[in-house]
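See below for the structure under consideration.
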Amino acid sequence: MPRAEPADNSTRLLGGLAANITGEDQHFNYVVVGGGTAGITLAVRLAEDPSVTVALIEAGSFYELTNAPISSTPVRRHPGSRNFMIYQRPTKESLQIYTWDNFLPYFKKSVKFTPPNTKLRAANSTAEYNPSAFSESGDEIEGFNSGSLLGAQYISATIDPNGEFRASSQETFLTAAANRTNLKVFQLTMAKKILFDSQTKATGVQVTTTGLQPFTLTASKEVILSAGAFQSPQMLMVSGIGPKSTLQKFGIPVIVDNPNVGQNMWDHVLTTSTYPIGLDSARLINDPDFAAAELAAWEANATGPYTNPGADFVAWEKVPSDLRQTFSQSVLQDLKFFPSDWPEIEVTAPDADQPSTGNYGSIAPAVVAPLSRGNVTIASADTDDLPIVNPNLLAHPADKALILAGFKRVRQLFASKSLQKAVIGEEFFPGSQLKTDEEIFEAITEAAMTVWHASCTCKMGKAGDPTAVIDTQGRVFGVQGLRVVDASSFPLLPPGHPQSTVYALAEKIADDIKFADSL
């Protein structure tokens, strides 16, 4: 993973995009809150029109991605700077809200595909291809950007093909816009609340930065929230849009009583199974000389184990029939909520739940057809206080059934003829002595964790949808001049990894805004 330059270099790296923050009010056509994947994409696309002025507010700092594999600077919202760089599109049936064919151009707009360098793949990977394994691995499939996810493949990754380092929205979109004078980035600036006029039109954002009194960035056209699944609903609530009882509890004047703000949170959840293996899996951690030599090789030639993003091979599937037959009728009925091409389990191979010495291999099953729903609320009327997040993972019986089935599926994989060539002992975690569903579930839920795909907390829906916060163009119901565009906007969390969908959504809404502005 790329390293970040220290935060005090951020202004230099942004160049002319860095705003001159004096503490005085400033005026723009559009104000975008949140410099993450969606926010940067939107701000840069809107600023393509030289007659339009755009402010981008970011509570953290931006940084230059340099030729080193370790990320060291924390960021509040990440512009693709903290994910596994996995780029794959969701399934066709999961996108019927827009229809796949209509939405596909927006997926394509933000990416340029570079085929893998097969000469380097052999140097950087332990993979060897043996046709005799196909009987266990299955048939050849189309790529994971074709609208189908069922199968196993090496991922497409958001990596700069020239420098071979992470390509985030900051590194790509902001760098490309470096010479624009109509886009200003307010970094290390905290959005405090959205301001409205007497007609409930959003007129700007009150912000603060260290050492200065609060000031206002006004928006003559629109304010756009792209602060993420946790902070976007927080910003709505502290600004007066949310559950009436919550707003009144903290003395916030109610502009729109919408109990759906912060609700309906989707996320993916994973656990792991770990076995001792007869392969050299830990040398990079346990051998400092080897690690230093490989780091030098990476810096000089972009080769070696440091090129691995951490999850470069993934698989998705429906729960196989031998495990599915153990599901209750109610669970089977609940899972009919998902379209036929929607996978239920994702499998990756992280270095999780392993001891500090010895060679171990882990396989992690993740539930990607979750029915549990979490929520987000505020701890106070101040955005300096982080919101309260209740992920509510594995609360639904169907999710429990899926995580158990996924874990048992991983045990089957470790017992397969192919993997038995590598396995040299009994299951290390959670342990082969665990046999019953109750024992297994208790152990794996202690190790269960989010896949960091929280979404849907400002749910998109049509007018009249009793669960929606925004319409299909991201416009907040009950007010004017305010949109939410990020993962919180999703009506549902598509299967797979949402980075591609966040980019595509931002591209679509940017076009919607431009079209409306042209009328």
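Cβ atoms here come from the backbone N, Cα and C positions, even for glycine.
Just so you know, TrEMBL annotations are computer predictions that nobody has curated.
Residues or ranges marked as domain 'Glucose-methanol-choline oxidoreductase N-terminal' in TrEMBL: 228-242. TrEMBL lists TRP452, HIS453, PRO498, GLN499 with the feature FAD binding site. Taken from TrEMBL, the feature active site, proton donor covers HIS453. The annotation active site, proton acceptor is assigned in TrEMBL to HIS497.
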Checklist entry - Including all protein chains displayed, how many Cβ atoms other than that of PRO498 (FAD binding site) lie within 10 Å of its Cβ? => result 28
Checklist entry - What whole-number distance in angstrom separates the two most remote CA atoms of the FAD-binding residues TRP452, HIS453, PRO498, GLN499? => result 11
Item to check | Of TRP452, HIS497, GLN499 (the recorded positions), the residue whose Cβ has the fewest other Cβ atoms within 10 Å | outcome: TRP452
Checklist entry - Going by DSSP, how much of the domain 'Glucose-methanol-choline oxidoreductase N-terminal' (228-242) is helix, how much is strand and how much is coil, in residues? => result 11 helix, 2 strand, 2 coil
Checklist entry - DSSP three-state call for GLN499 (FAD binding site): helix, strand or coil? => result helix
